[in-house]
Amino acid sequence: MASSSEHHHQQRVLNAGVLGATGTVGQRFVVLLAQNPAFRIHALGASERSAGRAYRAAAKWKMSEAMPAAVADMEVRACDPAQFGGCDVVFSGLDASVAGDVERAFFEADFAVFSNAKNYRMDPLVPLCVPVVNTDHYALLAAQRAAKGLRRGFIVTNSNCSTSGLVVPLKALQDRFGPLRRVVVTTLQAISGAGYPGVASLDILDNIVPLISGEEPKMEAEVLKILGGLRADAAGCAPLADLRVSATCNRVPVVDGHTECVSVEFAAPAPPSIDEIKQCLREYTCEAQRLGCPSAPRQAIVVTDDEDRPQPRLDRNAGGGMAVTVGRIRPCPVFHVKFTLLVHNTVLGAAGASILNAEYAARKGYIVAV
Ligand SMILES: NC(=O)C1=CN([C@@H]2O[C@H](COP(=O)(O)OP(=O)(O)OC[C@H]3O[C@@H](n4cnc5c(N)ncnc54)[C@H](OP(=O)(O)O)[C@@H]3O)[C@@H](O)[C@H]2O)C=CC1
Ligand SMILES: N[C@@H](CC(=O)OP(=O)(O)O)C(=O)O
């Protein structure tokens, strides 16, 4: 479905709407979009509690960057498609309790929707897209539009934030060394992953909480969809059937950046060496980089040989938060290899991924002018 007018789409500044603009992911969208020359923030939406108020008053601003001047006095709108006319793309950082209905209203009203919420991730006609991994899943959009009778509208989702870090090195290994058989992952997830106000300080300070409700089954299922392919007619997904994933998720007292301890078994009986694995991860590239999308990291996977890295405070902003840092790559006495990775949960894990998804979609001609 790539259009011959890719160049034209690439040049046009896109009007962006942000749903859930006052929340943790929404604020990250606002910061990233304000510094991205490919987008202009056109409309901000949130709940009825915020609608009608100036953004500076409605958002409890938690970003370390200043609130962009261009949005401070914008009036927050209700999340109603009728109030988002003129938006070429709509980004959603909506709470999952409302995202299902609100996002459906937007794509059925023919908006191009890029969502962070879990509601549509496992729909077989919806690309669950980590933009440095599986942009080939955009081929589903033709069938999605046909099924809904849409001309411009569609929905593309991001993965869960922990999933987004995990699949990047797994994709590199799968592409180079063939199928994986088993993956065991233990996460150490930042507080910002729970949104605002999130976990009570008395629960998380001086503590670790060994439960993030619903997180483990989401990770286990999403990895199979993302690393899988599409049906031959591109009218549905074909998740991996032979990979088994086990996830254990913990909340730790870190503000931003999810750390994950990963063990991998390859299907091939003779596994690659540790040096071959490091080289494979260093050399990994993706289509969004090749297309020159502005938010694509120069290096998708940063491999560190420092024995005590990655660390959230030191490494979460690698590649502007769009790179995954992988360290402690060593043999595993149970599986074949184990390593520790770090992903910025609100950048590659959320808003940054949506924005790169939209840059990719624009370059490939999927975004139809209003
Ligand atoms: N935080 C992270 O690292 C990640 C989050 N996600 C997902 O992204 C989404 C947003 O998460 P997060 O930013 O952390 O959550 P927050 O709780 O911080 O923000 C939620 C947003 O949803 C809005 N909202 C709530 N109820 C309604 C409603 N009835 N109608 C319209 N808007 C409403 C809020 O507006 P108001 O201020 O007016 O209440 C706010 O803007 C969730 O689905 C989450 O699962 C995905 C990956 C990572
Ligand atoms: N649950 C994740 C963030 C999140 O909201 O994920 P999801 O969109 O899959 O519910 C965390 O707490 O770190």
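Cβ atoms are placed via backbone N, Cα and C, with glycine included.
Under the heading active site, acyl-thioester intermediate, TrEMBL lists Cys161. As annotated by TrEMBL, active site, proton acceptor applies to His258. According to TrEMBL, the domain 'Semialdehyde dehydrogenase NAD-binding' annotation covers 15-141.
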The domain 'Semialdehyde dehydrogenase NAD-binding' (15-141) [mean pLDDT, rounded to integer]: 97
Secondary-structure category, per DSSP, in which the residue listed as 'active site, proton acceptor' falls: strand
Surrounding CB atoms that lie within 10 Å of the CB of His258 (active site, proton acceptor), all protein chains: 31
Coarse DSSP state, helix versus strand versus coil, of Cys161 (active site, acyl-thioester intermediate): helix
